């Protein structure tokens, strides 16, 4: 057994030394090369940490106070801590399966120099085509709607700076901006953007915290949550979505020079994200209470100021401006899948690859216009897609990959002692599958879809300006809480203040 371990270790080290040389940029001394290496070519553990943290927090930061109003303060904090830990565990599982898959393939002399490994390929290599097909469907659908949510968030945010244009028009504009992400080759090239993105969301989180505390509690503030099961599980699934950002784990790992260092990176990224999400969500909820039930974007309740405008602008840059960050994180894996489907993935011309990628942006643009329900759509995606994509499927895949004694004995990475080795890791995985299937997908799916359908009934598809204040002289807005009496169609407009 000892000699086997040594052989495995030697193979792994050899493989990753080769991967380092393939991924690292040239160390030429000219200024252009140094500049490119500093800002463009990233593959270190620090780059991976910045990528994970900036991708995880993003626009969902603005909807967490809304979730707190649905859950109440205690449940809001508890679910953040719980799902943060659960997400870190399943990200660890994905990283182990990636290393297992890559090591097996490189023992077979498979060359990945011009190929980006993706999650569905890991499932295919370890468990077969049926697992690949299920993983591909869930992963692509989740990333598609994740990109849609980024686009919706951009239109929602910019409206609070300039309301001369409605949110649908802003969606058209930002859809065109997002199309420029087709020019970013891979996750190697997000080094400076990930760093800046995390700075931007850090500023926004602390702006929300400080501004809410300085504003103080509104007159007659109430903190009555939780009041309804539908709202409670809708809020819980939004937090499930918040800590389900590791659908791009494999692509981030593949961009690393030493992917075996990834194992604990997502956990450290999550711990940092919690220092942003907990204070900001708790402070905004403390200040505005139940008013948040009708304002899914936290910016809508804070008074206009240069600091708020700066936070909005930074979030916009982080989400979707050309060559920037979160939209690209969600969309880049879709570009890879599309390239592989049409045979363009190994093409060396970036211009040809960029042109081939453009059709991916069109359905994202269209869906953002059809379903502009910022907040409710997050919960729906969380319950129906995130629950399987990054929680249930990785946990099941891990158990099926290592179900035989031979597979466990020859595993590249053994489970850590503090979780109880194989017995402990399998027990945790069974808990993850049962919990997420019942609470996340079951109750969460029922609640979030009930709320989502309610938004469609109240506002309609293709609504021009979701959650916009009514124009002067219009009748008082109907507030469509789940369970509220349905008004007659004559009284419904598309300018309600949800």
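From the backbone N, Cα and C atoms, a Cβ is placed for every residue, glycine too.
Pulled from TrEMBL, these are the features on record:
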- 41-437: domain 'Amino acid transporter transmembrane' (DOMAIN)
- 81-99: transmembrane segment (TRANSMEM)
- 136-158: transmembrane segment (TRANSMEM)
- 170-188: transmembrane segment (TRANSMEM)
- 195-218: transmembrane segment (TRANSMEM)
- 230-253: transmembrane segment (TRANSMEM)
- 265-288: transmembrane segment (TRANSMEM)
- 310-337: transmembrane segment (TRANSMEM)
- 358-375: transmembrane segment (TRANSMEM)
- 381-401: transmembrane segment (TRANSMEM)
- 422-446: transmembrane segment (TRANSMEM)
Leading stretch by Cβ pairs under 8 Å, where the reference is the transmembrane segment (170-188) and the options are 81-99, 195-218, 230-253, 265-288, 358-375: 358-375
Criterion met for the transmembrane segment (230-253) and the transmembrane segment (265-288) (at least three Cβ pairs under 8 Å): yes
The transmembrane segment (381-401) vs the transmembrane segment (265-288): 3 or more CB pairs under 8 Å: no
Contacting positions for the transmembrane segment (265-288) when only residues 6+ beyond its ends and CB under 8 Å are counted: 45, 48-49, 52-53, 56-57, 61, 64-65, 67-69, 73, 76-77, 80-81, 84-85, 87-88, 91-92, 95, 201-202, 204-206, 208-210, 212-213, 215-218, 221, 223, 242-243, 246, 249, 295, 298, 301-302
Same-chain residue ranges lying at least 6 outside the transmembrane segment (358-375) that approach it to Cβ under 8 Å: 63, 66, 144-145, 147-149, 151-153, 155-156, 167-168, 171-172, 175, 178-179, 182, 238, 296-297, 331, 334-335, 338, 452, 455-456, 459, 461-463, 466-467
